[in-house]
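*Asks:* Here you go, one structure.
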Amino acid sequence: MDQARSAFSNLFGGAPLSYTRFSLARQVDGDNSHVEMKLAVDEEENVDNNVRSNHASLTKPKRFNGSFCYAVIAVIIFFLIGFMIGYLGYCKRVEPKSECGRSGDSKEIEGTEPPETEEYFPETPSRLLWTDLRTMLSERLTATEFTNTIKRLNGNSYVPREAGSQKDESLAFFIENQFREFKLNKVWRDEHFVKIQVKGSNAQSSVTVVNGSGDMISLVENPTGYVAYSKATTVTGKLVHANFGTKEDYEALSYPVNGSLVIVRAGEITFAQKVANAESLNAVGVLIYMDQAKFPIVNANLPVFGHAHLGTGDPYTPGFPSFNHTQFPPSQSSGLPNIPVQTISRAAAEALFANMKGDCPSSWKTDSSCRLEFPGDKNVKLTVNNELKEIRIFNVFGVIKGFEEPDRYVVIGAQRDAWGPGAAKSSVGTALLLELARIFSDMVSKGGFKPSRSIVFASWGAGDFGAIGATEWLEGYLSSLHLKAFTYINLDKAVLGAKNFKVSASPLLYSLIEKTMQEVKHPVTGLSLYRDSNWINKVEKLSFDNAAFPFLAYSGIPALSFCFCEDTEYPYLGTTMDTYEVLSQNVPELSRLTRAAAEVAGQLLIKLSYDVELNLNYDMYNDKILSFVKDMNQFRADIKEMGLNLQWLYSARGDFFRATSRLTTDYKNAERANRVVMREINDRIMKVEYHFLSPYVSPRESPFRHIFWGSGSHTLSALLEHLKLRQKNSGAFNETLLRNQLALATWTIQGAANALSGDIWDIDNEF
């Protein structure tokens with residue numbers, strides 16, 4: 001090393017004994033370069049000793065060669081050291097998580113032990129596959145657990161549990177404690193003070209037959225059941241039968257109903273719709289009964305319960321939440337009836353038929369005892385003595401927070417209360433809710449399941465009175481919910497039979513539902529739930545008495561409800577016979593069917609909360625809009641006679657189609673790993689439903705603003721009905737109203753197209 005140091009010193013002029021000079025100067029008289037190398041102490045010594053010292057001149061090259069080699073070696077060593085330092089520093093800066101300079105093919109020397117140093121292995125985030133998650137869910141679903149939970153919920157501790165009762169509150173606290181035991185990320189409850197209608201405490205309601213002078217001939221019944229939100233009054237009139245009380249039934253009648261009491265069969269449509277239809281034709285009151293043909297119940301004296309509010313939520317705080325001490329002026333929903341309505345037993349209905357004449361049409365397929373109308377010398381007197389009562393209700397919540405987007409969530413819920421035992425109506429749904437909360441919490445804590453988005457479990461209060469708990473929650477937090485909640489799954493009445501699997505849902509969820517039906521097998525047949533490729537055309541609209549309805553029609557949140565059921569309606573809903581024993585007798589495979597319902601809901605939850613892309617198929621609304629345009633084309637002649645045309649509707653429809661196509665292109669080109677880009681696309685998708693809420697009507701006056709699934713003159717169905725009225729009864733047709741309906745419907749579709757396009761500079765429409 002000393003020799004190398006000496007050589008290095010000599011190279012840079014440290015030693016005066018010798019040096020090397022390279023002359024690269026070009027010759028003046030030629031193009032060739034000349035290189036001259038000299039070794040000397042100095043130039044003078046070199047000249048003086050040039051001839052004299054031959055020996056010295058022979059030995060000097062040896063000194064030079066050794067020094068030069070050492071110098072070159074030193075330079076190379078320093079160069080290599082510098083190169084290695086620079087290379088290692090570069091690796092650490094550019095690839096901090098990789099093993100720099102390590103060859104994957106290197107092997108340890110035999111007979112030597114590796115150094116006792118801790119090696120760094122980078123953590124690669126593992127993402128569970130769909131098959132893994134599906135198996136994880138299936139392994140945790142136990143049929144007996146569902147049966148045990150249903151039994152427990154229908155024990156004496158929680159039955160009966162009418163909304164606001166002590167047993168209803170006890171069950172709410174039990175569910176809250178269960179959520180805490182399941183170790184959900186957060187558990188809470190909110191309370192509302194609402195008005196419901198109950199049976200009168202001072203006087204009974206009654207149905208009597210009277211003569212022309214109003215004197216009582218006979219007491220038919222003092223009903224045990226009742227219809228909440230009926231007008232409390234007394235009316236008298238001729239009794240006429242109107243089958244189920246649908247609009248089509250009234251159109252087929254050969255006698256008027258104005259000024260008369262109407263008796264109708266339960267089923268087909270809700271109690272509230274039956275009353276609204278009768279009131280629109282100036283009937284003075286409505287009686288509702290369950291005929292044996294549709295509801296084959298042995299007990300002819302079985303009482304029935306329901307409600308007559310054509311809407312959801314507390315009807316005395318329409319459009320705003322029923323929190324305590326809210327300072328709103330007294331008001332009431334426009335969906336409350338102005339006529340009395342009462343349920344009666346089948347025995348009471350048959351007693352009334354005994355005084356009536358005219359056989360019911362065979363097309364009604366009802367009991368042989370059915371009759372059409374009272375004779376002219378007799379009437380029926382109806383007295384309803386229901387009372388308003390303010391109660392406190394609870395909604396109970398638990399959440400599993402998402403790991404990447406906790407502020408986006410899917411909500412799954414079930415009604416908790418019931419007028420009777422409520423086994424099929426609320427216990428099955430509540431059991432599903434509890435078991436799914438337990439299972440998903442276990443999947444997260446022990447199975448490695450990491451949902452990207454949050455899952456909210458909700459137990460609703462006062463569901464029997466028109467989804468009051470769910471609606472009040474939506475009204476209270478509407479400003480944030482439509483930005484964050486992207487799907488609601490309803491578990492109410494999920495198991496009512498075994499033959500069929502039926503779904504009611506937003507079109508955005510059709511594709512996801514179809515995939516789920518293909519994955520889940522029917523527990524009885526062993527075949528896939530997906531049996532009919534035309535199932536979408538058989539999907540029924542969500543009804544007013546379904547808790548999923550306000551999510552879709554009021555809040556613009558995609559919602560779905562499903563059930564295992566028979567071809568006929570389950571006869572014991574809303575009666576005192578809705579017990580666990582009756583349910584298990586009518587549905588022998590109750591435990592297995594409940595497990596299958598949980599598997600359906602569970603798979604939906606996984607796909608909605610876990611997948612990078614949001615499983616909402618916005619293309620389905622292209623079909624809905626196209627179908628509406630085709631229906632409108634049938635009235636082109638009428639529209640032309642009014643000096644109107646459908647060009648702007650065609651343009652709006654085209655813009656919506658282009659917007660969906662552009663979004664599909666953006667989605668296909670997006671980098672799945674880029675969560676920011678995917679979130680922006682998903683946010684555009686999740687707001688599609690919301691943009692079909694008409695911005696031109698008041699949420700208070702017309703709370704169900706959805707133009708496809710809502711209720712009111714702003715809906716597309718109301719527009720079509722109005723055009724039909726021009727052909728049937730031109731005197732009742734209002735051209736100004738129709739012009740407004742067409743313009744606002746067109747602009748709502750156009751607004752949805754613009755919103756779906758993204759930023760305003762990306763909007764490219766022909767409107």
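Quick reminder: no glycine exception, Cβ is built from N, Cα and C everywhere.
Per Swiss-Prot, the feature motif 'Stop-transfer sequence' maps to 60-63. Feature annotation from Swiss-Prot assigns transmembrane segment to 68-88; the stated evidence is sequence analysis. Sequence annotations record features per position, and here Swiss-Prot assigns compositional bias 'Basic and acidic residues' to 96-110. Per Swiss-Prot, compositional bias 'Acidic residues' is recorded for 111-121. Per Swiss-Prot, the feature N-linked glycosylation site maps to ASN211, ASN258, ASN324, ASN734.
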*Asks:* Round to the nearest Å and give the CA-to-CA distance linking ASN324 (N-linked glycosylation site) with ASN258 (N-linked glycosylation site).
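*Replies:* Rounded to a whole number, the Cα-Cα distance is 42 Å.
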*Asks:* Roughly how many angstrom lie between the C-alpha atoms of ASN258 (N-linked glycosylation site) and ASN734 (N-linked glycosylation site)?
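*Replies:* ASN734 (N-linked glycosylation site) has its Cα 23 Å from the Cα of ASN258 (N-linked glycosylation site).
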*Asks:* How many whole Å apart are the CA atoms of ASN734 (N-linked glycosylation site) and ASN211 (N-linked glycosylation site)?
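*Replies:* With distance taken Cα to Cα, ASN211 (N-linked glycosylation site) is 42 Å from ASN734 (N-linked glycosylation site).
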*Asks:* Take the Cβ of ASN324 (N-linked glycosylation site) and count every other Cβ within 10 Å, whichever protein chain it belongs to.
*Replies:* 8
*Asks:* If we count other C-beta atoms within 10 Å, could you say which of the glycosylation sites ASN258, ASN734 has the fewest?
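*Replies:* Relative to the other glycosylation sites in ASN258, ASN734, ASN258 has the fewest Cβ atoms within 10 Å.
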*Asks:* I want to check the contact list for ASN211 (N-linked glycosylation site): same chain, sequence separation of six or more, C-beta distance under 8 angstroms. What comes out?
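*Replies:* Expected: ILE217, ASP377, LYS378, ASN379.
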*Asks:* Translate the DSSP assignment of ASN211 (N-linked glycosylation site) into the three-state scheme.
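*Replies:* Note: ASN211 (N-linked glycosylation site) is in a strand by DSSP.
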*Asks:* Mean pLDDT over the motif 'Stop-transfer sequence' (60-63): what is the value?
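*Replies:* Here the mean pLDDT over the motif 'Stop-transfer sequence' (60-63) amounts to 45.
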*Asks:* Return one of helix, strand or coil for ASN324 (N-linked glycosylation site), based on DSSP.
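*Replies:* Note: ASN324 (N-linked glycosylation site) is coil by DSSP, not helix or strand.
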